[in-house]
């Protein structure tokens, strides 16, 4: 493709296709989907995502021989004096790892969505949105690929904004649904606004970077970082902290995590792909990518560690008290992201990315399985009987409420088994993937400091507890509603990706198995030697004991939960007010509303009346009507007579001549 | 004797002229019900000629003892003219059918006019400049009145013809002064005479001023713009679209080459005149456009303003470095403007019923809801006209403003920025009608106009991601100029 | 003052007066005749400048063909301009002022040119200018290309003329 550039491996020049494949998918579906059947639309989208995955695999193979990677410049983008930025793709072990996760998990979820959305668009009564969904989904893959394959911060930012846009569009996919008909639209708006706060932070960081480094290209910035750190350490601190604000927004960390639970308003495949497996890990990727900057500022690193650790514990406490099956998983995601952020903050990049990868597997699995449960609770049979008509009114039972489930183990055996895999992996039970990755983070934390270690351990205990609680509420005991009674297993298209993901969940630990440490050696080429969370049998033992304790506690508490409808949660009996607080998310949303939203609204009310409508409008309208009046009067010059036109021409010539003569 | 090389260098023009004559003959045997073939044939001619032009891309040389030159500048513009011609054919086919004016002469005359434009871009002798100007104008006078005996069309043609003849006479007068000053009409001879100190400076200056008036008429800058709104409104819309883009580009082609090659030394004096024309066009065009409710007239005033923007970058052309940058930016802007303008006209033509003098802005109400593709094309075109990022219009203005800043024309840049702001008012009003007002626009039979609209909009959007390569290409192409 | 100069002044005055009459006379027919007079004056000036060929072409083409055509057109159409109507349009003062300014500035600029006062040199009578003109129009190293362009231009004008003249109501 680019003969002028010589790469160590020709496969590297394929990298732009990770973006072109989804682009082709979007274009084809934009043009043809109106005429195509659903299957063809879905197939196109799946092939587009799959194509990206194949390219990522090829890149991985090429990297095993030439681990130094390459930078492929596709096109010059901006070239104006001091600012030179290209559309350039970076192939190295870090970016390819992310590409594999995004496109691999992405492809599986595309396949799942092909089946899931078939029912979802009918349950929600608008089958015409099927193709729209896949266009947005491919657009997301495109933007995410741009984000992880960028060779400079500006291109990364384009991807960053792109995934934000897709997230917004997909959260509000059923924008007219939800409580009062606007809850989903509100959730989308909330995600968008909270992310904007983070994006402003990132943007400020980029401005600072361009101001001080004169470049946004990764290599140039990193090469000059020590020099700037020596000269003006405050600048680097500000830059990293503003970047951290962006991370907190995108990866749902304290204090900007509030959008992620609401984001569950989107269809389940969206929750799985965007709000669990991939997009929310962009922040972790950003810190890992900028590790050169962070390692120069210890204060920033400490902030990152504590931000992650506190988020992990805080979100876990909320997850314990939720009744909505997806909300539990959402808070769990926030909590696990906290683990990852803490890990990359400690310098344990491998551990962070290892957990990122395994988490992508088992959390995607959990969400998809949850989606399967929800579909089961929706009672799809009725849909089939009414011939999938648009007028189908589904039952008023909330299909996501765990208190209404129970006993699904027998009704949906495959879903149960894969859910069990995912839950145990998340809880950190050996030898599933989550055990190894979480253990590495804990091992690194034990070297970092006792307090951080204890906080993370507490979070791990709560993780095991709320997953145990969920397992018991959903799958064991007796069915607590008619829908649960009638639930049944889903079609192969939905179940197949679940089984594949379950396989990855079981085997994911091999990626960085103690002793071989394949992932670590792989990432070292890009990230250098970080703090390696070496396998520490004592830490491993402790964490395993903690996890099992959590599960067993959950069993003790909930095995007796007879599940008569509206009966109190057993924990509420024991802890009372504390549990109520956790169930209400510690009133953080209400707090934000009181201290930020309401004063802002008040201020804007104050400004709107006298200042905006009086002064600003007055000026704007004044100028507007003045210009209009001028336009009307000048317009009369154009009176339609040729003689006047010729006269104007003549006067023009006279003016030019007068200028030439008088000059 | 003329060598093969002489003909090779003007091959695209020769092919186009011969093709035009063939179409004139063949059309006699094509029945009225099958005029489709004439359109396809003329499109094929344009494509073949464009193929020749592409093949010649990168070649340089002069033919017929310096009557014409071939260089990157002329090649790029030739391709732009030919593509504009293709758009004019695509826009015309359904439109002429709808207006019961399917006549083969349309295509023959269009091809003649394009050949004139291509010769104008490569003219290297003032006589060639004048003749090619006439060759491009005379077919357009007829095409403007193509809907004869409809009064508006006749009026448009007559006004254009009378004023065009007036301005041609002035151009010819200017050529006479330059000949009087230097004793030459060919560019190398004039340059040699000026460099050798044999030319009379005063006469040359007057000649330059008169040439500027002649070209200023073609590109439609204030105060030589008066014909523009009436002619665009009365002409067939496909010709209006073609004139806003191609005629303007041809005028700029001659203006840029003549002034860069012949009058670099007069730049300090000429800059004052160019400054005034540019500022007045930007202010006048953008202001009066606000008062327009007819889409065709609005686009006409917008084209006056856009001519002012292009001229702005050319004001400091005395500095050779800036001049290079100015010509590249002008080429870039012409491309952006061509896409944008054709996009907007195509949307209008797709909706314009027979026997109409252009749509009113109200007629776009409800477009976004009823025809999302056309609505999106209109939206993108309008945003590009304003110069919103992620459109080619943004980058076009960006390069023009940057050139003007590099040439330290700060007041002019400020006028440009302010008038862009003013222009947002009327462009966005169209968007407002299309998206926020209820209405039932009706798309006319035939889909070619819609296709052109969507292609242009896609071009505006997609190319905006790779502005630098496009600009570099333009810059590289004009390296060999002079 | 030589005889040639006296003749030139007389003819120039006559031409100008005739040109003014073209636009000021009330009857179209009289205007057309005044036009012929003005064209004859221009032909004489060509002859005075030693360009016999142009003088003859001026007479043959402009007087012999174009002016006759105009007279035919005037006779065939009705008098569109009735004698009662004013001949001045509302902006005529501006136009007169502009033209006067333009003319005076042109004269002013020309007066600063040394050639303005120089005595014209007679052309070498041994050179056959008609042959030179003819040869350069057909010489590919001369003006063959413009000559061909002119032919295309006239063809375009011809097609256009026919198109405009065709009776569009009939077809």
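The backbone N, Cα and C atoms fix where each Cβ goes, and this holds for glycine too.
Where the annotation comes from TrEMBL, it is an automatic prediction and has not been curated.
Between the listed ranges A:378-400, A:493-515, TrEMBL ties the annotation transmembrane segment to A:493-515. Feature annotation (TrEMBL): of A:154-175, A:572-593, the stretch labelled transmembrane segment is A:154-175. Looking at A:73-95, A:96-118, the stretch flagged in TrEMBL as transmembrane segment turns out to be A:96-118. Count of Cβ pairs under 8 Å against the transmembrane segment (A:96-118): among A:40-63, A:270-288, A:300-321, A:414-437, A:645-662, the largest is for A:40-63.
The transmembrane segment (A:270-288) makes contact with the transmembrane segment (A:154-175): 3 or more of their CB pairs lie within 8 A, with pairs spaced 6 or more apart in sequence.
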